[in-house]
Amino acid sequence: MAVQIAPSILSADFARLAEAADAVSAADWLHVDVMDNHFVPNLTIGLPVVESLLAATRLPIDCHLMINDPDRWAPAYAEAGAKSVTFHVEAAHAPIRLARELRGKGARAGMALKPATPVEPYEDLLGELDMLLVMTVEPGFGGQKFLDVCLPKIRRCRELIGRHGLDLWLQVDGGVSAETIERCAEAGADVFVAGSAVFGADDPSRVVEELRRMAQSAGSA
Ligand SMILES: O=C(CO)[C@@H](O)[C@H](O)COP(=O)(O)O
């Protein structure tokens with residue numbers, strides 16, 4: 001399993017985002033949480049900041065859109081150069097059309113599931129996607145406690161991906177840390193978003209490497 005680590009800048013200093021990106025240059029992705037204060041009860045950043053970040057870092061940007069009406073707003077993130085754009089299925093009007101549009105604009109298409117959203121109704125859509133994101137906290141805020149109740153869903157997603165022979169990354173996001181990453185990897189996740197565990201540390205790069213090592217050994221066990 002190829003493990004990838006995506007530090008979430010939600011836990012970084014928003015006045016120093018370029019420095020935050022530099023501090024995690026050992027990561028595979030820079031995860032950017034876009035929140036609209038409607039789909040989730042928090043407001044973060046939007047396209048202009050993502051455009052500035054794209055110019056300020058060599059890391060590929062993984063945009064997690066926690067917004068209403070992603071059908072309307074998500075394609076612009078792909079056009080701007082985000083290499084991965086993830087929308088929430090609970091908010092999308094036409095997820096297949098949206099995934100195709102994102103791919104058509106050169107981005108990887110991701111689809112996110114809130115903790116209480118099952119994957120089974122979307123089994124037939126999986127072939128349209130490049131990444132499935134299983135939220136392991138309620139979306140909206142960093143620093144929340146990991147929800148163990150989501151582990152069986154990670155396993156089910158991995159089973160479905162295998163059953164259909166798909167080349168689909170399985171991302172987990174929320175409360176991922178040295179205490180929880182091994183359980184996520186054992187359940188089948190291969191892309192790990194971590195915010196407070198990385199940016200709350202004195203040496204974010206060291207934490208990135210440590211999380212990668214832990215996930216690699218747990219995922220291959
Ligand atoms: O999408 C979200 C929150 O909604 C996440 O990306 C958080 O930013 C992860 O932060 P930690 O739980 O790792 O502190």
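Including glycine, each Cβ sits where the backbone N, Cα and C put it.
Just so it is clear, the model here is predicted, and its values are computed rather than measured.
Per TrEMBL, the feature substrate binding site maps to S8, H64, G140, F141, G142, G143, D173, G174, G175, G195, S196. Marked as divalent metal cation binding site by TrEMBL: H31, D33, H64, D173. Under the heading active site, proton acceptor, TrEMBL lists D33. Taken from TrEMBL, the feature active site, proton donor covers D173.
Feature map: TrEMBL annotations on the structure.
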| residue | record | contacts (Cβ under 8 Å, 6+ apart) |
| --- | --- | --- |
| S8 | substrate binding site | H31, V32, D33, H64, G142, D173, V193, A194, G195, V198, F199 |
| G140 | substrate binding site | M35, V40, P41, N42, M66 |
| G175 | substrate binding site | T136, V137, Q144, K145, F146, L147 |
| S196 | substrate binding site | S11, G142, G143, S177 |
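Those same-chain residues not listed among S8, H64, G140, F141, G142, G143, D173, G174, G175, G195, S196 yet with C-beta within 8 angstroms of the centroid of the substrate site C-beta atoms are L10, S11, D33, V137, Q144, V193. The Cβ of H31 (divalent metal cation binding site) has 28 other Cβ atoms within 10 Å, all protein chains considered. Around H64 (divalent metal cation binding site), taking its Cβ as the centre, 26 other Cβ atoms fall within 10 Å, counting all chains.
Other residues of the same chain near the divalent metal cation site, with their Cβ within 8 Å of the Cβ centroid of H31, D33, H64, D173, are A6, S8, L10, V32, D62, C63, T86, L133, V193, G195. S196 (substrate binding site) falls within a helical segment according to DSSP. The record assigns S8, H64, G140, F141, G142, G143, D173, G174, G175, G195, S196 to the substrate binding site, and the maximum Cα to Cα distance across that set is 16 Å. Each of the binding-site residues D33, D173 was scored by the number of other CB atoms within 10 Å of its CB, and the largest score is that of D173.
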